[in-house]
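Now, the feature entries from TrEMBL:
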SIGNAL    B:1-18  signal peptide
TRANSMEM  B:399-417  transmembrane segment
TRANSMEM  B:438-465  transmembrane segment
TRANSMEM  B:496-522  transmembrane segment
DOMAIN    B:500-714  domain 'ABC transmembrane type-1'
TRANSMEM  B:534-551  transmembrane segment
TRANSMEM  B:588-611  transmembrane segment
TRANSMEM  B:644-666  transmembrane segment
TRANSMEM  B:693-713  transmembrane segment
Amino acid sequence: MNHPSRLKMALIHAGLTLLCMATLYPVLWVVKMALSPTDGLALTANPFPETVTFEHFRQVLSGTDAAGRWVFGRQLLASIVVSGATTMVGLTLAVSAAYALSRFRFPGKDGGMQALLITQMFPATLMMVPIYSILQKLHLLDSLSGLVLVYATTALPFCIWNLKGYFDTLPRELEEAAVMDGASTFQVFIRVVLPLARPALAVTALFSFMTAWNEFILAATLLNDPSRFTLPVALQRYVGEHKVEWGKFAAGALIVSAPVMALFFALQKHLVGGLTAGGVKG
Amino acid sequence: MKHWLVLALLATAFGARAAPEDARPLKLWHAYRGGEETALVQATELFTAKTGVQVELLALPYDAYAAKLTNAIPHGVGPDVFIFNHERLRNFHAQNLVAPASGLAREDYFPNAVEALEVDGQVYGYPMSLKSLALYVNTKHVPQPPTTTEALLKMLPALSNSGEGRFGMAYESGDFYFHAGFLFGFGGELFDASGRASFDTQGMARSLAFVKGLQDARFIPQEASGALVKSLFNDGRAAMVISGPWFAGEIAPEVDYRVVGLPQVSETGIPIRPFLGVETAYVSSRTAKAEQAQKLARFISLGEASRVRATVGRQIPADVAAYTLREVQEDTLISSFREAARHATPMPNTLEMARVWEPMKLALRAVLQGGTLPQDAGALADRRYRALHRERPPEASPLPWLGLLGAMALGGSVWVLRRPAATLPFKRRYPDVAQAAAYIAPAAAGIAVLVFVPFVVGLSLSLFHHEAGEYSFVGLANFVDILASRGYSITEPLSFYFTLAVTLLWALVNVVLHVSIGLFLAMLLKDPLLKLRGVYRVLLIIPWAVPNYITALMWKGMFHRQFGAINGLLVALGLEPVSWFTQFSTAFAANVATNTWLGFPFMMVVALGALQSIPQELYEAAEVDGASKWTQFRHITLPLLKPAMLPAVILGSVWTFNMFNIIYLVSGGEPGGGTDILVSEAFRWAFQRNEQYGFAAAYSVLIFVVLLGWSTFTKRLTRSSSEVVG
């Protein structure tokens with residue numbers, strides 16, 4: 001590649017800086033609301049807080065229920081447990097199913113792939129009423145395991161599609177060589193395929209984690225015990241119909257978004273490869 | 001000896017199993033916050049101290065409360081007792097969620113409070129407190145509160161100065177709950193003799209004209225939210241406020257105020273009569289401990305509990321005896337509200353009541369925003385009401401459908417069996433079917449139970465009509481109603497075709513913006529020699545990492561008329577602030593801006609990956625051939641991007657098509673449902689318009705059909721493009 005000129009580089013930097021600023025403006029605005037002592041209500045374009053206080057964070061972090069018990073810690077734990085378990089369950093199921101779809105021949109394979117995609121087209125909120133009844137039959141209402149099951153399965157179609165696309169791009173020669181060396185199919189899968197698929201696994205895991213960490217309509221409907229609420233449901237408390245506590249909402253929003261941002265940061269190198277290698281073959 | 005031990009163990013085991021059953025606390029659900037919540041906690045503690053029965057409270061956000069009750073109680077996971085306004089009683093009763101109040105003595109409460117809880121002569125629930133509106137007066141500015149609208153109109157000019165942002169009066173004028181008092185004061189009625197709502201009345205026109213006059217003269221602020229009313233009154237910039245008892249808790253300590261009844265309308269001689277709501281403790285019909293639950297509900301509505309709720313929670317007790325207590329007598333807020341409530345109109349507890357809010361809100365906003373004349377607004381509301389008030393379609397016979405299903409099953413199996421026999425035996429064609437099954441079974445089982453079953457249930461629900469907990473089979477009637485756009489012309493927001501057009505426009509605009517911004521950024525970022533490349537990339541994917549309901553609420557705040565950052569920017573640039581949600585174009589733009597911010601990072605990442613997979617030699621060769629940068633982009637970059645970008649575009653368009661959170665939270669469908677897309681419309685039919693699940697499911701099926709058509713179309717595109725690339 002020919003080296004871009006200095007001027008061109010400067011232009012690119014200027015353009016990117018401008019766009020980054022536009023992207024960050026809403027985030028700064030939330031930071032400002034979270035740090036300002038008032039509820040951040042003033043008609044101003046300045047995204048930086050004039051006075052800084054950590055009061056809203058303190059109030060959110062020390063959130064208690066009506067009886068005075070400290071629930072924030074439990075809600076954080078519930079969120080971590082639910083998202084972690086969803087990732088584990090979802091990834092295990094998706095990896096094996098995607099591998100089978102990529103490598104084995106069996107009847108109904110193409111139909112199955114299409115069916116997976118089709119379910120994504122039916123609005124999720126409308127599936128809530130039947131899901132509620134099914135969980136009741138399984139005795140999983142108001143339990144975190146019920147929630148994990150729902151999250152893991154609803155994220156599966158995307159995970160399977162993404163992983164299958166990636167597996168399709170992996171050369172089969174490596175697997176054949178391993179079989180020659182006497183490895184069983186399962187060993188090949190664990191020892192050869194999975195390590196190669198690391199970028200796609202990272203992205204898929206991130207996706208499952210995010211689904212569970214961010215979802216709130218199902219969680220708000222299915223959970224009845226405040227100490228088991230996930231964080232988004234807990235956050236809903238601050239944006240009531242008649243009164244919006246912007247400061248606390250903003251502080252809570254930052255707390256909820258931070259872990260996912262950290263994950264994005266950690267996985268961002270894999271992000272590009274993991275998403276598109278699958279996409280190319282689709 | 002050993003036997004004894006075993007028996008003892010068994011006994012303790014049984015004891016341990018029996019004990020939690022009895023000691024399990026009573027579950028009480030409510031939507032209180034602040035002082036009211038504290039008071040309720042104290043009241044239940046009194047109950048526990050007296051009876052030894054533990055009570056577990058659950059505070060729910062108001063928006064989600066009713067839906068949660070109607071889901072949870074029939075499934076046996078609901079509360080034993082719950083607190084709700086009486087206005088929904090008929091819905092609860094129709095769905096069999098509430099039990100009659102067995103321990104209620106009528107003479108303990110105000111008669112109109114008990115009457116509000118009657119259905120067919122039976123009383124359901126225990127009245128706890130009365131909620132209505134009164135006039136809060138800043139005594140510094142208004143020493144003598146007005147008693148008639150004539151007096152009010154005389155005072156307002158001196159108290160208002162729009163240049164300084166001062167107003168004679170402030171209240172949430174766009175909310176029908178607040179407007180209802182004016183409607184009744186001007187002689188308007190909401191329901192005719194048959195119990196149907198009628199809006200096209202003189203009283204309606206006159207009340208709307210009056211309020212519009214107040215707003216045009218700038219005596220009251222436009223588009224006032226609760227937060228604005230509060231800050232205006234606390235800053236001394238609103239001399240009077242119309243609000244309920246809950247407002248007392250938000251007034252700053254330095255403001256001296258009084259509470260009085262609302263003035264009389266001079267033209268009619270009728271006082272402004274706000275709605276009276278009765279907050280009620282209901283006993284769930286499914287409670288396992290009916291006796292204790294009845295006791296708890298009665299306890300928190302009377303006596304000591306009333307005192308706590310009045311003094312700590314600042315509620316207006318419905319309990320007669322509470323007014324003999326000194327603390328309550330001396331509390332001027334309570335006595336003023338009690339006085340103001342004398343003229344209030346009890347909200348009817350009929351199913352119709354739930355149906356008037358949406359049409360009234362539409363009419364009210366249309367007038368206040370200036371799009372409709374006061375005398376025409378009634379007709380507008382009438383039409384919306386009739387459209388929402390769907391009559392139950394005639395029941396259809398399921399037999400032809402079962403027949404059709406049977407025929408299809410038969411046809412399907414014949415088709416499978418008649419297919420030409422494969423040349424290879426099954427075992428040879430699919431050598432690894434057993435292995436594949438083992439790998440797929442767990443995922444398949446989960447998907448079958450939690451994705452396909454709800455999907456099929458959703459599909460079949462569209463053939464039913466749901467009303468008050470009962471389903472009746474109506475065949476294709478829901479689809480016929482939707483597709484024939486029954487009750488409204490196709491240029492109105494409630495029509496399927498209008499919403500479909502908005503949805504398609506929404507998806508198109510968004511996907512184009514996502515892809516072009518994403519691609520543009522990817523082009524800027526693709527050079528591996530670019531310094532700070534990683535930093536830019538991380539900063540630019542932040543929007544993707546923020547949960548989308550947070551994004552939505554954040555942007556909703558930024559588009560706020562009075563406090564939003566966007567209007568702040570406009571003012572800083574010397575422009576006029578914009579009321580974003582009063583016009584279709586600006587409300588739609590606000591939604592698009594939010595969703596663009598949310599969606600471009602995904603496309604950027606995909607485009608980045610796709611760009612990196614294009615071999616560099618192609619460009620070098622083109623360079624040698626003397627192709628310009630633009631030619632290179634057109635003939636190398638774009639065609640090679642296509643196979644990688646298309647799946648992302650398809651996925652992105654499906655996501656955008658069903659992007660419920662943004663629409664619902666940012667514009668909320670304003671103005672008048674114009675910016676609603678198909679999913680949010682389906683949601684409204686399912687959860688906000690008397691639970692018409694069948695109709696909502698029909699909407700979902702249509703969404704599904706549209707998307708299916710779209711994906712078939714794009715699949716053809718993908719195929720042709722991969723042929724080109726080879």
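The backbone N, Cα and C atoms fix where each Cβ goes, glycine too.
Here the transmembrane segment (B:693-713) touches the transmembrane segment (B:438-465). Their Cβ atoms form 3 or more pairs under 8 Å, with each pair 6 or more residues apart. Tertiary proximity for the transmembrane segment (B:399-417) is limited to same-chain residues at least six positions away from its ends with a CB under 8 Å from its CB atoms, namely 463, 475. For the transmembrane segment (B:496-522), the list of distant contacts is 482-483, 485, 490, 540, 588, 591-592, 595-596, 599-608, 610-611, 641, 645, 649, 652-653, 656-657, 659, 674-678, 681, 699, 702, 706: same-chain residues at least six beyond its ends, Cβ to Cβ under 8 Å. Panel annotation: around the transmembrane segment (B:534-551), residues 521, 525, 594, 597-598, 600-602, 604-605, 608, 659, 661-662, 665 of the same chain, lying at least six beyond its termini, place a Cβ under 8 Å from a Cβ of the stretch.
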